[in-house]
Amino acid sequence: MALNLRKNHQILKIINDALIDLPAPSNISTWWNFGSLLGICLITQIITGLLLAMHYTADTNLAFSSVAHMCRDVQFGWLIRNLHANGASFFFICIYLHIGRGLYYGSYLNKETWNVGVVLLLALMATAFVGYVLPWGQMSFWGATVITNLFSAIPYIGQTLVEWAWGGFSVDNPTLTRFFALHFLLPFVIVGLTLVHLTFLHETGSNNPLGIPSDCDKIPFHPYYTIKDILGFALMLSLLVSLALFAPNLLGDPENFTPANPLVTPPHIKPEWYFLFAYAILRSIPNKLGGVLALAASILVLFLTPLLHTSKLRSMTFRPLSQILFWTLVANVLILTWVGSQPVEHPFIIIGQLASFTYFTIILVLFPLAAALENKLLKL
């Protein structure tokens, strides 16, 4: 009998075990689609990014012009740029929904998978930040100045660290050059981390909406979830293309159409929409070091969620109190996002401070308390 190449070839076997014969729970919902959507986002960003890098010049005198040249003179350059810029937004939409799914259904109890996932989020945020600097518009320049300056809040070594990151005494040509190098490198780091993420996931298998073991009822990944994923790809890519074609600048800052000028500060320096919640937390603390610590904590707090799980039930499916808290947290993050886009004045300051306080309180205090109370109420 001939060997089945798919199951015996060293490389094809790995692909087979990950994408074809992988045993998957029979009841995972559309919330489980975002992992594969993130994979498509990553592939799209790497392809469009590579094409853009072929025409980009990492020099302060030429960067802005090279991007303009791309949009005017390169075949479909405008489309490639719009897909890349808006692809970043879709990447963050997918990762936030993916994390929300993980929090709701208790997926964070796969600790290794979850921790690698948080590192992936940090890598994605770093990539997006250095990428935003490359067009060398006003918001690129001032965003880079403000965010890199935060490192100067670190006691003793802060200022040295910032000047080392800048490659000089301000954001200038060396900064742009190294940010381009980092923006090229980091997506491949993300690819590597993604493989680690999947390796850990396939050790334990996927969680499911009920949060119960599903070993007794598994189905092969192909054809069931391959077709389901392809539907997700089609929907997301059509949304991305629609945004890139009909409203390419909807999510961008008009300030970035002005070339970078160190002598003119924009009236409102703010990051892209996907960083606004963290930016609001940073701004809500009237102390530089405190703000930086809160900013870091807003993401790093995700590492603590597996340790703060007090419920006897894995998922929130049968936990109404935790559900209320979860959706309050979602609303809270949306409020933070909105506040981050507003100027620093009354009433936005106090709203931001209250929302920041609530964000940490829900995650660190109320989730564990509600879960413990639910154990009592359900006599678990």
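In case you wondered, yes, glycine gets a Cβ from its N, Cα and C as well.
Keep in mind that what you see is a predicted model, and the values were worked out from it rather than measured.
Annotated transmembrane segment per Swiss-Prot: 34-54, 78-99, 114-134, 179-199, 227-247, 289-309, 321-341, 348-368, in sequence order, evidence recorded as similarity to another entry. The heme b b562 binding site annotation in Swiss-Prot covers H84, H183 and rests on similarity to another entry. What Swiss-Prot records for H98, H197 is heme b b566 binding site, and it gives similarity to another entry as the kind of evidence. Taken from Swiss-Prot, the feature ubiquinone binding site covers H202.
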Using Cβ distances below 8 Å and needing 3 or more such pairs, separated by at least 6 in sequence, tell me whether the transmembrane segment (227-247) contacts the transmembrane segment (321-341). no
Quick check: of the binding-site residues listed here (H98, H197, H202), which one has the Cα closest to that of H183 (heme b b562 binding site)? H197
Out of 78-99, 179-199, 289-309, 321-341, 348-368, which stretch has the largest tally of CB pairs under 8 angstroms to the transmembrane segment (114-134)? 179-199
I need the least crowded one of these binding-site residues (H84, H98, H183, H197, H202), counting other C-beta atoms within 10 angstroms of each C-beta. H202
DSSP says H183 (heme b b562 binding site), in three-state terms, is helix
Beyond a gap of at least 6 residues from its ends, the CB atoms lying under 8 Å from the transmembrane segment (348-368) belong to 280-281, 283-285, 294, 297-298, 301, 304-305, 308-310, 322, 325, 328-329, 332-333, 335-336, 339-340, 342
Any idea what DSSP makes of H202 (ubiquinone binding site), helix, strand or coil? helix
Measuring Cα to Cα, how many Å separate H202 (ubiquinone binding site) from H84 (heme b b562 binding site)? 30
Would you kindly give the Cα-Cα distance separating H84 (heme b b562 binding site) and H98 (heme b b566 binding site), rounded to the nearest Å? 21
